[in-house]
Amino acid sequence: MLKSTQVILIFILLISIVESLSWLALGLAANRFDRDKPGTSCKSLKGLTRRQMRFCKKNIDLMESVRSGSLAAHAECQFQFHKRRWNCTLIDPVTHEVIPDVFLYENTRESAFVHAISSAAVAYKVTRDCARGISERCGCDYSKNDHSGKSQFQYQGCSDNVKFGIGVSKEFVDSAQRRVLMMKDDNGTSLLGPSQLSADGMHMINLHNNQAGRQVLEKSLRRECKCHGMSGSCEMRTCWDSLPNFRHIGMAIKDKFDGAAEVKVVKEDGIEKPRIVMKNSQFKRHTNADLVYMTPSPDFCESDPLRGILGTKGRQCTLAPNAIDDCSLLCCGRGYEKKVQIVEEKCNCKFIYCCEVRCEPCQKRIEKYLCL
């Protein structure tokens, strides 16, 4: 029988796990951030933990970048998964709250991707906005600028300040992983036992995937240069470090999703902190840059509201055997129906001098295939 203290602490642990992604609802908040009234602006936001609320009040000038990051993360997730059974439906556009995707809190592959992409997106938006001068506390990274003239190129201009962006992401995004300290009785035994280890393991894996996403961002920095010299001889180049389009980062994290490592969390005697290890010890150990997960993903075929799974009924599919959204795969063997839609479009357009464009109305037949 669990004691009342254990029940309360287990409840707190579960709440902290559920809150780990709720801040993504920031992207749909309608209000703007008033720098003169940080308390009012932050209190009106949904989904923030207490630590994130404190961050908001102290760093109101960065919150627009954080919100842009949540939007970018959601958009990129939907792009990468729009043809799959789980299409990254995360936020309810009516309530502006994160849909309770329970499976995301079970440390699945999908959870790993969402944590990594959201962490990277916040760092990305803060970094780019710093270069635009949105905050007096950050700007370009001039640390690499070289004025010695010894090399064939010189770092000059505005390099993206990735270190600052990563620091903000780590402080804001990682703070959602609230930790409840291990509580022990007089004999040194954990009051929560396996529940504590399980919750600690979930937090550790979420933090690992957050960091993996930021590593992808940092490694994506590329050097851009401009040539100087007579007749384009490029005798001297001035260079700066710049981040690519966020789509490039999203694709890199998606590749890591495809190769994610299945792990488990173990607590060894004499070592206070649990460790993340490969579930199958015969496989090569994961690295800090790999995405990791503990729970195999559901098949997402049937609707399961209690777990936040929408199912694939009514989803549009294609008749392409090798495609991810092929009807036989997306519809989970339930079959599909064909719907024909006639739409009117403009065609045979001609330019009439002067200055008019005349078109003829045309009907176009569109066939759609929907999962049963």
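Every residue, even glycine, has its Cβ placed from backbone N, Cα and C.
Marked as disulfide bond by Swiss-Prot on the basis of similarity to another entry: Cys77-Cys88, Cys130-Cys138, Cys140-Cys158, Cys225-Cys239, Cys227-Cys234, Cys301-Cys332, Cys317-Cys327, Cys331-Cys371, Cys347-Cys362, Cys349-Cys359, Cys354-Cys355. Among the features that Swiss-Prot reports, N-linked glycosylation site is placed at Asn87, Asn187, with the record citing sequence analysis. Here Swiss-Prot flags Ser231 as O-palmitoleoyl serine, drawing on similarity to another entry. Residues or ranges marked as signal peptide in Swiss-Prot: 1-29.
Positions of Swiss-Prot features highlighted on the structure.
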residue	record	Cβ within 10 Å
Cys77	disulfide bond	25
Asn87	N-linked glycosylation site	19
Cys227	disulfide bond	12
Cys317	disulfide bond	21
Cys327	disulfide bond	24
Cys347	disulfide bond	11
Cys349	disulfide bond	9
Cys354	disulfide bond	5
Cys362	disulfide bond	11
Cys371	disulfide bond	21
Using Cα positions only, nearest of the disulfide-bonded residues to Cys327 (disulfide bond) (Cys138, Cys347, Cys362, Cys371): Cys371
For the disulfide-bonded residues Cys140, Cys301, Cys331, Cys332, Cys359, which one has the sparsest Cβ surroundings, going by other Cβ atoms within 10 Å? Cys359
Please list residues from the chain of Cys138 (disulfide bond) whose Cβ is under 8 angstroms from its Cβ, counting only those at least six apart in sequence. Val126, Cys130, Asn161, Phe164
Comparing local Cβ density (other Cβ atoms within 10 Å) for the disulfide-bonded residues Cys88, Cys130, Cys225, Cys234, Cys355 points to Cys130
On a count of neighbouring CB atoms within 10 A, which of the disulfide-bonded residues Cys158, Cys239 is highest? Cys239
Compute the C-alpha separation of Cys362 (disulfide bond) from Cys349 (disulfide bond), stating it in Å without decimals. 11
Distance, Cys355 (disulfide bond) to Asn87 (N-linked glycosylation site) (CA atoms, angstrom): 46
Could you state the CA-to-CA distance between Cys371 (disulfide bond) and Cys88 (disulfide bond) to the nearest Å? 18
